[in-house]
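Here's the structure we're looking at; comments come further down.
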Amino acid sequence: MAAGAGARPAPRWLKALTEPLSAAQLRRLEEHRYTAAGVSLLEPPLQLYWTWLLQWIPLWMAPNSITLLGLAINMLTTLVLISYCPTVTEEAPYWTYLLCALGLFIYQSLDAIDGKQARRTNSCSPLGELFDHGCDSLSTVFMAVGASIAVRLGTHPDWLFFCSFIGMFMFYCAHWQTYVSGVLRFGKVDVTEIQIALVIVFVLSTFGGATMWDYTIPILEIKLKILPVLGVVGGAIFSCSNYFHVILHGGVGKNGSTIAGTSVLSPGLHIGIIIILAIMIYKKSATNLFEKHPCLYTLMFGCVFAKVSQKLVIAHMTKSELYLQDTVFIGPGLLFLDQYFNNFVDEYIVLWIAMVISSLDMMRYFSALCLQISRHLHLSIFKTSCHQAPEQVQVLPPKSHQNNMD
C-alpha cells in the first residue's frame, strides 16, 4: 500500500453500532429545544430543599455525573434488596428497606438538581437531556422491583406482573406524547409524587416489616398490600388517560402527525410488542418462570424497555422516524422460541442469556449514542467545559422543576 494512502472505511455494520445517528439527525439535534410544561403538587415545597442542596454541589461537578451517581446509588440499594428477596415473597432485614428508602430519596434529589447544576454552570445541552431521560428509563425499572419487594407482592403474581410493567408503560407513554406534541407535560401527580410515595412504603416496611402488608383489613377483607396496588391502578388510569388525550388529538406535524411527520400511533408498536411478549412468556411458561424468578424476568424486560425508551427520546430530539427493527428484541425472542420448541433449553438458563444480551445491547447503544453526540457537539460527558453548547431550554408557564435537562 502506498505511503500516505487513506485508511479503509469502517464496515457499515460497525459504523451503525458505533454511530447510531446519521449526519442529518445530528444536524436536527443541534436545532432541538427542550420544552416542558406543568407543575406537580410537591414541587413548590421541594424547590426550597433542592435549591438548598444545590449550594453544596461543587461547580466542577458535571450535571451528568450527578445523574449517574444518583442512578448508581438507586440501583445498588435495590440490588441488595433483590439479593435477599429474589422471588419477591421473602422478608429482608429491616436495614435493606431503609437503605432503599435512602437510595431512592438520594436519587430523586440528585435527579432534581442535575438540570439546576447545568444552568448554574452554563452547560445545558441536548446530550444532558438524553442522558437524564436514559438514566430515568432504567431507574423506573428498579423502582418498580424494589417497591414490589417491600410489600411482598410476589404472593400475588398477576398483581406483581402488572405493577412491574405498568411503570415502564407510563414512562414510555409520557415520552410518546412528547414525540407527538413536542412538549413534555407534567401532571399534578407525577414522578416526584410517585418517588416520595415509594420512599414512604420503604420506611413503613423498615419499621413494620414486609409481612405487615399481609395484614387483612377488617370489613373490607383485603390485605393491606392491595391498597398501594389500587393506588397504582388509579394513578395509571389517570395518567394514561391524559397521555392518550394528547396522543389521539393529533400532533404538531403535518396533518396532525408526530414531530417527525409519522403516525401518532406508530410508537405504540414497540412498547406493545414488549408487553405482549412479556405476557405470553409469563402465561405460557411450563416452569413458572416469572413466579420463580420475577426480579430477573423484570430486569431483563426492563433493559429492553430502557433501550426502546432511549430510542424514542432521541427520535423526538432529532425529529426522526422510530424504526421497529432492532437487536433489542433478541433476548425476549430467545425465550419465545425456547417455549415454541417445548423448552429445548432450560428456561432459567435462557432467561440469563437473554438478560446478558439485553443489558449489553442497551448499554452499548446508550454509550455509543452519548459518545457520538458528545463528539459532534464538542462536549465532555462527565466534565464541564467552556465549549458547552448554548442553552436550549424552553419552559412553558407555569414553571416546573422537572424542566431540569442539562
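Every residue number used here counts from 1 along the chain in the order it is shown.
Keep in mind that glycine also has a Cβ here, set from the backbone N, Cα and C atoms.
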Same side of the membrane, Ile219 and His293, by Swiss-Prot annotation | yes
Count of other CB atoms lying within 10 Å of the CB belonging to Arg119 (CDP-choline binding site) = 16
So which residues does the transmembrane segment (161-179) touch in its own chain, when a touch means Cβ under 8 Å and the partner is 6 or more beyond its ends?
-> 133, 136-137, 140-141, 143-145, 147-148, 153, 185, 229, 232-233, 236, 239-240, 243-244, 246-247, 251, 258-260, 267-268, 270-271, 274-275, 278-279, 282, 290, 294, 298, 301-302, 305, 308-309, 312-313, 315-316, 322
Any residues 6+ beyond the ends of the transmembrane segment (294-316) with a Cβ under 8 Å from its own?
-> 20-21, 82, 85-88, 129-130, 133-134, 137-138, 140-142, 144-145, 148-149, 154, 157, 160-161, 164-165, 168, 171-172, 175-176, 178-179, 182, 259-260, 267, 270-271, 274, 277-278, 282, 322, 326, 328-329, 331-332, 351-352, 354-355, 358-359, 361-362, 365-366, 369
Whole-number Å only: compute the distance from the Cα of Asp114 (Mg(2+) 1 binding site) to the Cα of Glu129 (site 'Increases basicity of active site His').
-> 10
Over the topological domain 'Cytoplasmic' (249-265) the mean pLDDT stands at 92
Measuring Cα to Cα, tell me the gap between Arg119 (CDP-choline binding site) and Asp132 (Mg(2+) 1 binding site) in whole angstrom.
-> 14
